[in-house]
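Enquirer: Pulled the feature table from TrEMBL, pasting it below:
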- 1-19: signal peptide (SIGNAL)
- 71-121: domain 'FTP' (DOMAIN)
- D289, H420, H424, E450: Zn(2+) binding site (BINDING)
- E421: active site (ACT_SITE)
Amino acid sequence: MKFTSLLAAVTLVATVASAHRSHVQPFGPDLAHQEYQVPTPLTSNSFFAGSAANPAKAATDFVEQQLTSSDYIVKNAYTSKHNGVTHVYLRQVVDGLEVVNGDINVNVDRNGHVISFGNSFYKGKGGRRHGGFQKRDLTVASIKDWIRQETEEFMEEGRQLTFGRWGRGRPHRERKPELTKPAGVVSPQDALASFARFLNVEIPRPEDMDIVAATPSLRADKADVIMTNCPLTATGEVPVSQAYIQTAEGDLRLVYDFKVEMKDTDNWFHTQVDAETGKVLQVIDWVSDATFNVFPMGINDPEEGERKLVKNPHHVPASPLGWNSQSHKKNFTTTIGNNVHDVFHHYGFDEESGNFQENNFGKGGLGNDAVIANAQDGSGYNNANFATPPDGQRGQMRMYVWDITDPMRDGDLESGIIIHEYAHGISTRLTGGPANSGCLGWGEAGGMGEGWGDFFATMFRQKPEHNYDSEFPMGAYSASGNGIRRFPYSTSLETNPETFKIMDQSQYWGVHAKGEVWAGMLYEVYRNLNLRLPFTEEWYTEDKTKYANTLVLQLVVDGLKLQPCMPSFIQARDAILQAEKLLTNGEYQCDIWRAFTKRGLGPKAKVIGANFPFGTVRTESFDLPKNC
């Protein structure tokens, strides 16, 4: 990972905004039929027995035989080496177009057994689509035909055909594709102008934006066309595709799919606009709002300790060339690599699963996506953020100066903020597969995205002298005082009273407040494990099951891989419980249940109503399972 400084990004503070951040609340359809299934009770039972020799085929056989007859594409598939579980991520296809919120993830153990799955595929028939689209829209079809013709000509003439990244390659010829537009369909230009108005931005002359064919690409995230001369972006380019989206009412709508990296704000929007009405149906912001002379692991900020000279701190399996390799260059001002990258590589956030790495060393996944990190970013104050596009595209981290104290303090010197921000990249890439950055957009899923960041930050502050009664604020150095959360993370219900149902309250509708609740639950899990297992300062231990901190980190990372796209608290809890079952055969099931049950997320907890933003009623459960 390439760092010009230190940082990643997601809004750390909901109450203090960056000066250059458009705070658009992400939203989208709430799908009542979305599910995540784990065998109950959690035993070695499975849903389907397939071939151990080909776990990916076992997953697709299961999907075709027991879940759906719909077309699909495999977006990602990889195996976690430490437990042998293969994770397969599918996207639904209707009439040749992807359904942007139609996802299935299937988890297959080393014996070829399907042990859990998530499913949000559209269950209706194609005839329920709106707008009279019985075939693919002619606009996209004509462009696809043009690309195919260009490809054939290249092949016939013996010339090299280059497959490039969307939005960055030039069209093969300076010739515009011939476009046609069926009656009743808004143009891509008008659809993008509609999204701009949604942002309270005006595009004076949408017709001045041109459409060119995208460079043909083998990448899963390729665009159909490129919109040029767009005033919203620095490059003037916006990748455009057509797709379908499921609505909360059970309909299937044809949409324009835009990826808009804003020029004047720290936003990178992935949005879908209705191709018939121009209405914005879904918005996800890929930006989440936090020998080396360094503060070593465990030192959160300058008030906790001094810098220390550490020699060759990189972990060789994760960074075989170290952190300062720059090919044959003798002079450089950047560092490639960091300890957070290396630690999480050790716990399974590796090349295949979509980590941020410039050179993947032939180990799978897509490279050339080292994080661009800005220290003391001048575009704002009192915040930090991290943008997470799909695998193969660079994450972006911005760290700001905090002016709450005099003199001002540098957020780059508080490791908890940096780790929180980087964690957004980890949780986004692992949930739903590395090709899908839209699985933690809002609601409980978005809240847990914040919570994992706080939890990881808190874990890396742990020291041997800490115990069950230790308490940890978040952002206390940069923001001074008690930090940026309502309560410190603590096992005391007096110090931190947050339980599952508190999220029904209006002050907990935002993702940061929900994240506090989730991080508090995960901290309880760690402390319960720490009652039975010791703490180690060696994060690269081979046997991660021997120590409480290494075990909980592995379980949480594994849970991210197992859970479905747009998970609920209950589904994420079940994924962690299954991760423990796979790794330690249920040795610590009851310890984990006690942690969640203490905060109201016991086995009978449930949610009634929409996931976002209000109208949800949660029922708490404080009873343990019978076997505990």
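These residue numbers are counts, starting from 1, taken along the chain as shown.
Every residue, even glycine, has its Cβ placed from backbone N, Cα and C.
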Enquirer: To the nearest whole angstrom, state the Cα distance for the pair E421 (active site) and E450 (Zn(2+) binding site).
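Expert: Counting only the Cα atoms, the answer is 9 Å.
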Enquirer: Suppose you look only at the domain 'FTP' (71-121); what would the mean pLDDT be?
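Expert: The average pLDDT of the model in the domain 'FTP' (71-121) works out to 92.
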Enquirer: Ten-angstrom check, please: count other Cβ atoms within 10 Å of the Cβ of E450 (Zn(2+) binding site), all chains counted.
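Expert: Looking across every protein chain shown, the total is 32.
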Enquirer: Count the Cβ atoms, other than its own, that fall within 10 Å of the Cβ of E421 (active site), considering every protein chain shown.
Expert: 34
Enquirer: Could you tell me how many residues in the domain 'FTP' (71-121) are helical, how many are strand and how many are coil under DSSP?
Expert: 0 helix, 37 strand, 14 coil
